[in-house]
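**Student:** Here it is: the structure, laid out below.
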Amino acid sequence: MPSFFLVVLIFGLPLNLLSLWVFFQRLRRWTRSTVFLFNLTLADTSWLLALPFLIHYHLNRLYWRLGLPLCTAVRTLYHNYFYLSIFFVACISVDRYLAIVHPLRSLVLLGRRKTCLLCVAVWVASMVLSIPVATLSLIQTCPGSNRTVCTLYILFSETRETLPYSLLLSIIGFLFPLLSICYCGLRSVRELRRRPDPHNKQRRLRRVLSAALVLFALFYLPYHMSRNAAIAMRAVYPDDPASWRAPDVAFALEMCFCSLITCVNPLFSCFIGRQGFTALCSLQQVIYKWPELILKSLSAQSDKSEGQGLCSGQLSPLTNF
């Protein structure tokens, strides 16, 4: 688990920082989609900055040394991120639906001011939904050892509070956004199919919308199912901890898998507009060509030194080797 989180941090943080750089330095005009994608990237980055604490915790074999306030903050931020990501993906889907199906009405229904207010509302709503996580985060000492753990509410043996809370979150924070994303995506794809597409631009957009829908369900549906199953097994078999192991392992694997979304979300920045797409892709090309450029530079230097050595009667270090 810590090695997986470390890989996500190594790849996800540069991608999201690069996306933030594109937002601030390369985009001259911010549209509604730009605002939503910026907030999504900001949520990804904030979660990635908290990830080193979880990596440190797991590398220490679940021995928490950083105190209760930081335990509460890390658990709340980790939980808060998932629903920030879900809500902003839903906002992007609604925005694309309005732009495709109701292009004229969208200017009135979702102007720039309303877009900013909606983003603020999403942050506030997500934080409110995560308040119980802060109250349920505890530091406990394991019986029979001196190990101190930063507990996760999902692994509590007492489910009188955790199970209703998890089910409520699954409905409000996942099921409703999933239904809106499905409706907006399917309606948008249906509308694009009706339009003439001589240059295959509509086909590309249809594929993007369909891929977004599939990825959303792929990442978040198993996560919520495994989380509810882990809590439900404790409610059904409170005196049989052995029966909790399988759903706990499934939930732990889903936590790792869902963290990959922080590496996938920056790819949506390629579709925020021509400026953002060009800037991001040009930077990626430079990064990918770094090894080739370094080899060419070394080759040019070696050719130059070899030529000078032959003319002066000396051998270059490369030919000595």
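Heads up, the Cβ atoms here are built off N, Cα and C, so glycines get one too.
Note that TrEMBL annotation is computational and uncurated.
Quick paste of what TrEMBL says about this protein:
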- 15-269: domain 'G-protein coupled receptors family 1 profile' (DOMAIN)
- 6-24: transmembrane segment (TRANSMEM)
- 36-57: transmembrane segment (TRANSMEM)
- 77-94: transmembrane segment (TRANSMEM)
- 115-139: transmembrane segment (TRANSMEM)
- 165-186: transmembrane segment (TRANSMEM)
- 207-225: transmembrane segment (TRANSMEM)
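Let's see these features in context: how buried, what's close, how far.
**Tutor:** Away from its own ends, the transmembrane segment (115-139) comes close to residues 32, 35-36, 39, 64, 67-68, 71-72, 75-76, 79-80, 83-84, 87-88, 91, 95, 148-153, 156, 161-162, 165, 169, 172-173 of its chain (Cβ-Cβ under 8 Å, at least six residues beyond either end).
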**Student:** Using a Cβ cut-off of under 8 Å, list the residues of the same chain at least 6 residues beyond the transmembrane segment (165-186) that approach it.
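**Tutor:** For the transmembrane segment (165-186), the far contacts come to 82-83, 86-87, 89-90, 93-94, 96-97, 129, 132, 153-154, 209-210, 212-213, 216-217, 220-221, 224, 227-228, 231.
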